Amino acid sequence: MALSSHAPIPELYVSAESAQKLKIEAGNLLSWDLTPRQTCDLELLMNGGFYPLKGFLGEADYDGVVENMRLADGSLWPMPITLDVSEAFAEKVEPGTDIALRDQEGVILAILSISDKWVPNKSNEAEKVFGADDVAHPAVNYLHNTAGKVYLGGPVTGIQQPVHYDFKARRDTPNELRAFFRKVGWQKIVAFQTRNPLHRAHQELTFRAAREAQANLLIHPVVGMTKPGDVDHFTRVRCYEAVLDKYPQSTTHLSLLNLAMRMAGPREALWHAMIRRNHGLTHFIVGRDHAGPGKNSQGQDFYGPYDAQELVRKHQDEIGIRMVDFKQMVYVQEKAQYFPEGEVPEGATVLNISGTELRRRLREGLEIPEWFSFPEVVAELRRTSPPRAKQGFTVFFTGLSGSGKSTIANALMVKLMEMGGRPVTLLDGDVVRKHLSSELGFSKEHRDINIKRIGYVASEITKNGGIAICAPIAPYTATRRAVREMIEAYGAFIEVHVATSVEECERRDRKGLYKLAREGKIKEFTGISDPYEAPVKPELRVETEGTDVDSCAHQVLLTLESMGLIKA
Ligand code: PPS
């Protein structure tokens, strides 16, 4: 599949005139509201970033991609680009139907002509595509806990691009980038993919790669969706802009890619290379542990550090883009210079600051040396990552009804207010049910909605630097995990299990509910006729039997202090 880097890439959009007409017609179709990830996927499908795909994968293509990275016609494609929907929505459509695809504001972006509808084997997809059916992998977790149960596939007719209000001038479609390369006369261009701020090691690596390939450089960071917990893209783009003048202007360009990453290591690297090929690039940098998802639930890496390079090397001729492979760059103190790992002079002192260490230093307000990064980048990061003692966080109490959650949560709130510094909000189970969730009952579905609402409010409070204290029963592990993820994108999440036994709660029966539950007058009562999945590894477990409220609240304060969230 040889693609010239200068000729336009096929897009899925109809002409502006037809788009107007189609948009009106599509108003009568059944609509699917795209998730943020699906919106990212759709944008790259429509603008040719995912060429040769013509829509969301149908079942035969999906099977081929999952099993051996090939579409049904034999062409290479490593990543399942699927439209997952709920069972309730899937029931309303059949192959042969057209549906409108809308963004989160309700704008119609495209029409999907459904050719296939099926229930995928998600565990198989996890094993084959991501290497393990382990929810420690962010994409596997997404697959099992966020994605809908049913997939719809079929060709897409593009009506309009998703709208972006941020960094508009820095976003380019594949054809816009191709046109830019034509205009400036660049023949060889090497792309650098990143989801992190650029530090000196990256600059050194990109310089070397461009020199080695005798090519111009495109810094092509992902601003769609990256790994949960990454530095947000607004901050990152400000960081990229801050270092751009350290590159020669006539040979370097910065463009933003609205990709939703999966962190799939080798397969992802191959996918990234194909996307770059589609954007008109001739070379692509693959470093150590490209798109690595971190550790699995056994504490081991999901992929070998150079597996991604191996896979891209194997397929680079077929794709039509050359890989520029790199070892990790490390700083050699005596030479005051960066070297690729493995080329370090014998006996020299190697300095390196890992991502985790960098986050620790930012969190604790510690020094970040000049050899590691640029002062402008560090200043930008410090602006958005204040030290932990100034960041927002959420304390999430969970336990049976009557276990003492609310009482401890109240005591904790008062203690934190006494300290001052950050606003404190208490989202107590009963209070939330009155103000936010008054229409909900206690089925699993309703409890999940209730907890996710609490999680959403807490995540907003955390994002804006406040302290949220939540005290619902929250009986299900998966739901608590989803809330943890929502919050950890912005700050710390401290799960506190109030481990009062059901016998003790029933003995206390402060609200008289256990009696009613025993008599069958309250159905689905947690601990009596409904499940409670106790947290396995909460940040703190408090026992209330024989311990007073004040000391339980104090245990929470000590935990917060040990995590650097409050100062003694
Ligand atoms: S959940 O599962 O997290 O949504 O529950 P939550 O919103 O925290 O529950 C709040 C209070 O509702 C009372 N209540 C019940 N609890 C459990 N099961 C059933 N069926 C039920 N019906 C009413 C109960 O008093 C909870 O109060 P707490 O504050 O936990 O004592």
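A Cβ is built for glycine as well, from the same backbone N, Cα and C atoms used for every other residue.
Under the heading ATP binding site, TrEMBL lists GLY399, LEU400, SER401, GLY402, SER403, GLY404, LYS405, SER406. SER406 (ATP binding site) falls within a helix when secondary structure is assigned with DSSP. Counting every protein chain shown, 22 other Cβ atoms lie within 10 Å of the Cβ of SER406 (ATP binding site).
The domain 'ATP-sulfurylase PUA-like' annotation in TrEMBL covers 9-160.
Under the heading domain 'Sulphate adenylyltransferase catalytic', TrEMBL lists 171-383.
Summarising the annotation, TrEMBL assigns domain 'APS kinase' to 391-542.
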* Structure fact -> Taking every residue in the domain 'Sulphate adenylyltransferase catalytic' (171-383), the average pLDDT works out to 94
* Structure fact -> Hits among GLY399, GLY402, SER403, i.e. binding-site residues with CB under 6 Å from ligand 1, come out as GLY402
* Does DSSP give SER401 (ATP binding site) helix, strand or coil? -> coil
* Structure fact -> Not counting GLY399, LEU400, SER401, GLY402, SER403, GLY404, LYS405, SER406, residues with a CB within 8 A of the CB centroid of the ATP site are ALA471, ILE473, VAL498, THR500, CYS505
* Do any residues at least six apart in sequence from SER401 (ATP binding site), in the same chain, have a Cβ closer than 8 Å to its Cβ, and if so which, in order? -> ILE473, CYS505, LYS511, LEU513, TYR514, PHE525, THR526, GLY527
* Asked: If you skip the near sequence neighbours and keep only those at least six away, which residues in the chain come within under 8 angstroms of SER403 (ATP binding site), Cβ to Cβ?
  -> VAL498, ALA499, THR500, CYS505, THR544
* Packing count at GLY404 (ATP binding site) (other Cβ atoms within 10 Å of its Cβ) -> 26
* **Cβ-Cβ distance under 8 Å to LYS405 (ATP binding site), same chain, at least six residues away** => PHE397, THR398, GLY399, ASP428, GLY429, ALA471, PRO472, ILE473, VAL498
